[in-house]
Amino acid sequence: MPESPATPEHSEVPADATDTPGVPTSEQRVDPEAIEIAREQEHVDKVNVRVEQLLLNADAITREGLARGRSGSFGGLVERDAFVHVASRRKHLLNREHEGLVFGRLDFDNRVVHHVGRIGVLDETYDPLVLDWRAPAAAPFYQATAHDRLGVIRRRVIRCSGPKVISVEDDLLDTEAELDGMNVIGDGALIASLSRARTGQMRDIVATIQKHQDEAIRAPSDGVTLISGGPGTGKTVVALHRAAYLLYRDRRKFETTGVLVVGPSRTFMRYIERVLPSLGEDSAALRSVSELVDGYAASRHDSPEIAAIKGAAKIAPVMGRAARFIPPEAPSEFRLLYRGQLLVASGPQLKGLRRNVLRGNRKYNRSFRAVKDALSDLLYREAGERVQEERNLSEFREELGDREEYNEFLAAWWPMRTPADVLHTLRDKQFLQVCAGGALRREEIALLAEDWAAHDDFSVQDIGLLDEIRDALGEIPPPPPPRDEFDLAQYEELTTAADREYAVAGTRVRPDNYAGYGHVIIDEAQDLSPMQWRMVGRRGRFASWTVVGDVAQSSWGNPAEAHAAMLESMGKGTRREFHLDTNYRSPAEVFRLAADVIRAVVPDADLPDAVRSTGFEPEHVITDELRSATGDAVRRLLDDVEGIVAVIAPAARCDEVADWIAEYDAERVSVVDELSAKGLEYDGVVVLEPDEIAGGNARGTRILYVVLTRATQRLVTIGRTADWLPRDAASGVETPAVPDEDDTGERYAAQPSLWD
Ligand SMILES: Nc1ncnc2c1ncn2[C@@H]1O[C@H](COP(=O)(O)OP(=O)(O)OP(=O)(O)O)[C@@H](O)[C@H]1O
């Protein structure tokens, strides 16, 4: 049963009800918005009371379950686990901080009213007080339009701060409808939400999801769902809401197998990490491409030249061979004095033995037993008839097993190896050349060996290689458990699966390098190299996929090769595509400039429409005095915008720039390099040395395009040159930067001759 029908507004307010909670005061009576806020507050209060009640009920269920467990019977224990599981799950969901648990309301033609929220809440008679936003009944909140109203007259977005309703914004879908006292408030929630200052953390958009976004969010979970669109079209935020939707629609499957969300950088993952919890979901695993291999992390990027070699598919077999070939430091033969006879396993024999053992893609770290047996067989044959008559093979093996030299040789010749151990052997140019087997050019081999020799840490691009090696090595077998590990007598109480699952962070702990994710979401997919696709593919061998990206923003030079690797990783299956074409982030003035920049290298780039205008054109400062110009720009932006400001600079300059702006409020200003800016957004952006970022080539220009589309309000560019600036944009510049007081050689974009 729906909630009670909407009632006429003014006639309902008693003249003397000035201090009754939820009822408008005399002041509010003349302000329709205050009336509506009070009305919604009443409902929100009701929901909060009910949530408290449900929490108490969950405690009671836990107590009941524990009591049944104490009965001592097996059935009692089963019931205990079931009760506690249900109660823990419920409490976990209800206990989350639901800022704005109720955020929407729909008024239908038949005067029925539904409230929509982050989770569903039923009243005592099991009627919905709030519909979960993902429930089919809540779909009209996102799908109703003026053309196809789905019976909706008014859609309302409710904003809360803690338990308090602070504003309402309405869309009137049926302008002809008898409003019957129904007030319509505000200019629309979407624009209000887009104009709000940023905080450095992505917010959910559950209250203002647009129809075309909703279609992508609610698409079926199977196969591959591709979501494309230009900068700021909501691809990331839509992908995250889709994760929440899938977990809701098929919770049993996706909570068990897991949902993996992969993004471009650690900074990006921190930026998006609150969205799913704010939607009541925290079981999804969020990993950047540099954190996909357990035990390794990286933030350093290789130069484009080295990154291109490390990312290309042709390097995969090189890593496989490096994991299998005898490393340079291994002993080359084995000699053992046995009963006065010298037994020798020669270099070629050992090589053959190794090849045999690893045949059929057998994993190196899982083959120790097989190697041990194969070596003892070889030595037994070498020992000849006399020994074979005196000892059978198993006696011979037993004797060898007691010999220190034999065990030492095995430990040196077949040590358990980590991916890092193997990658380090490739610092040896000759060994790398052997492993390359003709797949890499001489210059590429030299570049790689030098690069690995020069660094102790790993680069982001190395992580894909480490995973390839890990796949060839297999995991190192864990040591056998100590005998008394399962001595139940030492535990006072056992925990249930539900306790463990939901007690602390709410996330399920999965084994290292877990490969069975049920759904994998890849954001900024255009940037994945073939080697990164292989790495991601290994984590979702049986998964369905959501792939999100924009080719024009790609920083990977060979999209065709990456595309082939992507298809291979995702396998065959249903494909469905969604295209988003409205830029919700960039002001029109900023996006016009960015669009001109990208058109120069990608003439058919997918360019969305920017829906907002701020009236401020981007400013361009050309000067040799980068430091003072940057300081000036940051100061100005901090005054002009409400939220956060970033200086996006070439990676090599970031430390220096951090010093330049150290005096400003670190909560509001940050420095970020051009690659780490991917996917992020700031109210004010200063782009430092655009020409250096563009590097005069197509790849760099695509990165510059990404950088220019990060601002939600204002953009300033500062550089010693401005070759990057499109001629048309130069003539369109209307707001030159404010000069330094001493005018130290700055020249401004407003002077057209500078762009010739
Ligand atoms: N329906 C919406 N309601 C409110 N805000 C929205 C909506 N759709 C998108 N946004 C906002 O627009 C901004 C851009 O969204 P998002 O980062 O998901 O875009 P994107 O397509 O992934 O961008 P890019 O490819 O440039 O990284 C975010 O601030 C997001 O919250």
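Including glycine, each Cβ sits where the backbone N, Cα and C put it.
Here TrEMBL flags GLY229, GLY230, PRO231, GLY232, THR233, GLY234, LYS235, THR236 as ATP binding site. Neighbour density for GLY229 (ATP binding site): within 10 A of its CB lie 23 other CB atoms from the protein chains shown.
Annotation source TrEMBL lists domain 'UvrD-like helicase ATP-binding' at 208-587.
Taken from TrEMBL, the feature region 'Disordered' covers 1-31 (among others).
Look at TrEMBL and you will find 729-756 (among others) tagged as region 'Disordered'.
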In the same chain, which residues outside the set GLY229, GLY230, PRO231, GLY232, THR233, GLY234, LYS235, THR236 have their CB within 8 A of the centroid of the CB atoms that define the ATP site? ASP550, LEU580, ASN583, TYR584, ARG585, PRO608
Would you report the average pLDDT that the model assigns to the domain 'UvrD-like helicase ATP-binding' (208-587)? 89
As a test of the contact definition, list every same-chain residue at least 6 positions from GLY230 (ATP binding site) whose Cβ is closer than 8 Å to its Cβ. ASP550, ALA552, ASP581, ASN583, ALA605, ASP606, LEU607, PRO608
Going along the chain, which residues six or more apart from LYS235 (ATP binding site) have their CB under 8 A from its CB? ILE227, SER228, GLY229, ASP523, VAL548, GLY549, ASP550, LEU580
Can you tell me how many other Cβ atoms are located within 10 Å of the Cβ belonging to GLY234 (ATP binding site)? 25
Around the C-beta of PRO231 (ATP binding site), how many further C-beta atoms are within 10 angstroms, looking at every protein chain? 28
CB contacts under 8 angstroms to GLY232 (ATP binding site), restricted to the same chain and 6+ apart in sequence, sorted by sequence, are ASN583, TYR584, ARG585, SER586, PHE591, PRO608, ALA610, GLU681, THR709
Using Cβ-Cβ distances, find the residues under 8 Å from THR236 (ATP binding site) that belong to the same chain and are at least 6 apart in sequence, listing them in sequence order. MET202, GLY263, ILE272, ASP523, VAL548, GLY679
Per DSSP, to which secondary structure element type does GLY229 (ATP binding site) belong, with helix, strand and coil as the options? strand
